[in-house]
Number of protein chains: 6
Amino acid sequence: MRPSGRTNGQIRPINITRNFTSHAEGSILVEFGETKVICTASVEVGVPRFMKGQGQGWITAEYGMLPRSTHTRNNREAARGKQGGRTMEIQRLIARSLRAAVDLKALGENTITVDCDVIQADGGTRTASITGACVALVDALTHMRSKGLIKTNPLKHLISAISVGVYKGEAIADLEYVEDSEAETDMNVVMTETGKLIEVQGTAEGEPFSFEEMAEMLELAKHAIREITDIQKAALA
Amino acid sequence: MRPSGRTNGQIRPINITRNFTSHAEGSILVEFGETKVICTASVEVGVPRFMKGQGQGWITAEYGMLPRSTHTRNNREAARGKQGGRTMEIQRLIARSLRAAVDLKALGENTITVDCDVIQADGGTRTASITGACVALVDALTHMRSKGLIKTNPLKHLISAISVGVYKGEAIADLEYVEDSEAETDMNVVMTETGKLIEVQGTAEGEPFSFEEMAEMLELAKHAIREITDIQKAALA
Amino acid sequence: MRPSGRTNGQIRPINITRNFTSHAEGSILVEFGETKVICTASVEVGVPRFMKGQGQGWITAEYGMLPRSTHTRNNREAARGKQGGRTMEIQRLIARSLRAAVDLKALGENTITVDCDVIQADGGTRTASITGACVALVDALTHMRSKGLIKTNPLKHLISAISVGVYKGEAIADLEYVEDSEAETDMNVVMTETGKLIEVQGTAEGEPFSFEEMAEMLELAKHAIREITDIQKAALA
Amino acid sequence: MRPSGRTNGQIRPINITRNFTSHAEGSILVEFGETKVICTASVEVGVPRFMKGQGQGWITAEYGMLPRSTHTRNNREAARGKQGGRTMEIQRLIARSLRAAVDLKALGENTITVDCDVIQADGGTRTASITGACVALVDALTHMRSKGLIKTNPLKHLISAISVGVYKGEAIADLEYVEDSEAETDMNVVMTETGKLIEVQGTAEGEPFSFEEMAEMLELAKHAIREITDIQKAALA
Amino acid sequence: MRPSGRTNGQIRPINITRNFTSHAEGSILVEFGETKVICTASVEVGVPRFMKGQGQGWITAEYGMLPRSTHTRNNREAARGKQGGRTMEIQRLIARSLRAAVDLKALGENTITVDCDVIQADGGTRTASITGACVALVDALTHMRSKGLIKTNPLKHLISAISVGVYKGEAIADLEYVEDSEAETDMNVVMTETGKLIEVQGTAEGEPFSFEEMAEMLELAKHAIREITDIQKAALA
Amino acid sequence: MRPSGRTNGQIRPINITRNFTSHAEGSILVEFGETKVICTASVEVGVPRFMKGQGQGWITAEYGMLPRSTHTRNNREAARGKQGGRTMEIQRLIARSLRAAVDLKALGENTITVDCDVIQADGGTRTASITGACVALVDALTHMRSKGLIKTNPLKHLISAISVGVYKGEAIADLEYVEDSEAETDMNVVMTETGKLIEVQGTAEGEPFSFEEMAEMLELAKHAIREITDIQKAALA
């Protein structure tokens, strides 16, 4: 049924390349099939003003797409003079997800900024971003320990993300662009490596969806996250 | 357990005042307890450029908070020169939800803009906004029929929204501010009057949440939506 | 002669509702006929940078209109990314007027920000704003004294405002929208409760006006201000 | 009493240099004492979109100060990314005043944009701007007639402007900076050559002012405008 | 003398990878040593408004750096709300250079937008961008011919670019970051494959430079451009 | 051959008027033929944040054109809300050039901001700006010494600038607008009074240029700079 011939729960091949660029404390190229995102984690001593004096750290994220990462060219947000609503929504999601992976107290008064820049888009850029960003974050934390910036590992658990949806009446996992653009429902799920939920964002694109469809999608997500967690662990090994 | 003495599934008193202001085709004051939002629906003949020539209509939404609708004053977005990420996220949610309530073909090449302006905030401003916006939308559609702009009623079903969450380890419905600021999980659910899902946005604020907690929250949402739908219907009667 | 049947000097019914919303130190709904404005006064300890170390306080104001407070919907200034010239002009006028009501020395190094948000417009929004803002300011000063932020009452005198104009060749007071849009001259007058002038802004919309017309308009303004002052005092009693 | 030794009603030497720069259809350097403003009028065929099809023209104005036209350098508005409230207020005043001088029907569907750029400021920049802008406008209208863009002269009357105020308890005319910064009241008056009023903007800077002081200031303005009108006529002769 | 051990005229290894991403009509990864830039060329039918009806095409360029392409993280321009002066300067340089390579008449009323996004920076990002952009442009032109958008090849000549400078008193070619940050003079040279000049931009960073140094730098540039042209040709073969 | 009848190397009459306006520490009107620019130098104690604590000063520059300094009116950058790429490029060039004229250590922790505002444009506005700005800078440095802000003269050498180009196949100096708009090559050269180069920016507008043409243009620039330096010295005498 799926254009790619994948089974409903089957995810695309996922590749995680560490140290993709040289300057960042964590630098990952993450590929979910044809979707490719560069995730870098940058460490800075100190925290933003609204966090000062609380004895804990901060993690923030920014998301962007190269103008021609998509089928037709999008205007460059820097040239338009502002980030669009979709960009804002995604980078807020990435940042919240990453903060849920880390004990901010143990991070000390340090800030990690994760940049997720999509160089090629084929559906699932936000879930690929979160999955890659987590690995970049782990590398940055390792760097911080080696530099003595932190004493213990603030990571509470790996996190990763997957898109699920209802397509031609059936629940499927890891939608690529041709599926995503025709799906009746689209849902992004962020989970911990231990199988708990961090974010669930489901949207009826066409018809409303039922509680049963919701449950099926969550079930597919749970299985996908297990696989993705293993891929993250293998990359980090 | 709840500061207000409410039971876990109990929602706050909800009031819907129609024709709250005089110029808009639909104008509602919606109150979820101490949360108060003015929702107006404005009808315009024609559609935005990207929709032209498709023979269907468009529904969009904008959201704002009066600077002192909150405990401490927020900077006015018009003065800062841009809408923040939270605002963008909420108005995109409202607009998607409203579009799911309407047959855009039957709307013809007309645009309805719904403005949700919070005059007093005590938690749940986005769910109150969606609930009130739907009633304003219905009034605007009635106005359009009376003016001969549309022949049939494009409304597919009423929609409404409720916030649910995990607070002190238990699932509760319709969080007010003091609960919201300490909740472990916060979830907004938009549903049709027929009990189907349009949007689910759940976020772990502190600890990740389990599939069981997710199910409990959805169950509370389902019951609350039934009550809210009845209140909408009574207001429209 | 007037569409409403009012006499030339007759003002519309004015209502002032205190404690209209719950969070602000002063919160007023002011109604000049069908014109309705929410005025909130917010107290903050400290002053803006350019005022620091001078041992005196600061009062500032912001003005906005809900997009559908008017006959046809106006674009939201926050979405357009800047406040228009009319908004700037009005909020500067409100702020200057309020500062003229208060002994800034006696205010100490505190800032009061007054927000005037028009929820329904029918002419005279800026004069209604100033009239309501002054009552909100008085409530905020009372709050400050009760909290011990100030020792004495910094209020020098109540202030209020009225629009006057030349309409069909005659001077009239308190123009509503249908009059305002056809008036030859439009003038806003801000005065103290003791009958002195704070601001006079007169504009020939069509033909230039004579010194005699100017004098007639000022005379109407003087009488109107006396009435409005009494309404403010009654509201504060 | 006045720092310059001028009598209360005495204005500064006013110079109007026509054809100050070469490209504009009207180009004036206007000097009110040490205040120097370049006023250019630019003619364009056609009108802005909101004016189209009404068979009449449009006049608009923009105002700016060179960053070091003042005692201390002001930030360049182009670099800050927006025009401040004071600039907006002044350019709206200039444009309204100029439109009151012209029969827009007779102007046809043409637009005149007047730019007033202050190169040296010593008080009264807005009144000097209006006075010079009117002469630039007349030159532009003459140019339009010579090019056949208009058949008749759309000028209804010359307009000019003067600042008056209350300084050390007395009404004075044409305040220079040292007076302006200490004046109790500041008022700008725009009048026609026939002695009628177009704009009156009076502000109590310190204490409120009385109806008597208002009358005295208007009287000084009337005399000053007569002198300024003569200077405009001499320049245009 | 050079940190890398290169001779004064020796350029870094240059790699050009075609079809680096899948959506653009031309997509290149260009590497000058550790400097890595993605250059995409996007074809659009039609031209910007100011070019309409002239029967010729347009080529424009945009430049960006991923926030962590550099040693320390730069703020994202999209988040800051504007492109900086350096970005503007570089993208104007790239666009002018590319337009000099193409017969715009032969391009017809089509637009090519070239995006140069730096993913890793180690000096010479603008010269690498121009070199890679030219190859992306050639691929886009080939695509256009295959689609029948153009009949003849509008390319007049390949162009490429190299940075030269004065470092420790000697002229060197292709400066990497550690050289660039200490160079006395920095010059970017854009040339045709036939050895003619398109752009020369030389800047004294410390001391002024002599006509002799200028001549030496140009000589190094000429030789480097020959090598780079060969690499472009090999990539395109 | 030249429209003005000038010989190829002949520059236009150059006038430098000192103390053109009264408030700035240095204020120059510079005229290159019909091109007229006001250059003011403003002194401020202290340096921008990124320079603090380094024991040296800073020089920055801003450039603007009055809207009607050109043949047709340009939109005001302050009204558009941003400075264009050309403006950014020019003001960066002016600032770099001026910094190359001064020993920043000897300047102490002081900032000089030079504003170059074009009131009439006829080609060569950036070279006239640099030439005038240097004289304004010298006056500001003299002012600083007289006020005791600096002990020694931080000026290393006068700088000035000239535009050269290839027009109808021949190298010419100091292009006016009609030449500039048809030139095949346009080059701006900034030099010291001692004949060394600070900036060279050459651009092929039409056809690429040869090394021989480059040499000819530089030779013309060298001679022009000698003349301009003499004019600067005469003005400063």
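The backbone N, Cα and C atoms fix where each Cβ goes, and this holds for glycine too.
Here TrEMBL has A:Gly124, A:Thr125, A:Arg126 binding phosphate, and the candidate from A:Arg76, A:Arg80, A:Arg86 in that same listed site is A:Arg86. For the recorded site, A:Thr125 (phosphate binding site), the DSSP three-state label reads helix. Shown in sequence order, A:Tyr63, A:Ile90, A:Val118, A:Ala121, A:Gly123, A:Thr127, A:Ala128, A:Ser129, A:Asn188 are the same-chain residues outside A:Arg86, A:Gly124, A:Thr125, A:Arg126 whose Cβ sits within 8 Å of the Cβ centre of the phosphate site. Every protein chain considered, the tally of other Cβ atoms within 10 Å of the Cβ of A:Arg126 (phosphate binding site) stands at 25. Every protein chain considered, the tally of other Cβ atoms within 10 Å of the Cβ of A:Thr125 (phosphate binding site) stands at 24. For the phosphate site, whose annotated binding residues are A:Arg86, A:Gly124, A:Thr125, A:Arg126, the maximal Cα to Cα separation is 13 Å. Comparing local CB density within 10 A for the binding-site residues A:Arg86, A:Gly124, the maximum falls on A:Gly124. Under DSSP, residues within the domain 'Exoribonuclease phosphorolytic' (A:10-140) fall into helix, strand and coil as 38 helix, 43 strand, 50 coil.
The predicted model assigns the domain 'Exoribonuclease phosphorolytic' (A:157-222) a mean pLDDT of 97.
The domain 'Exoribonuclease phosphorolytic' (A:157-222): residue composition by secondary structure is 16 helix, 30 strand, 20 coil, according to DSSP.
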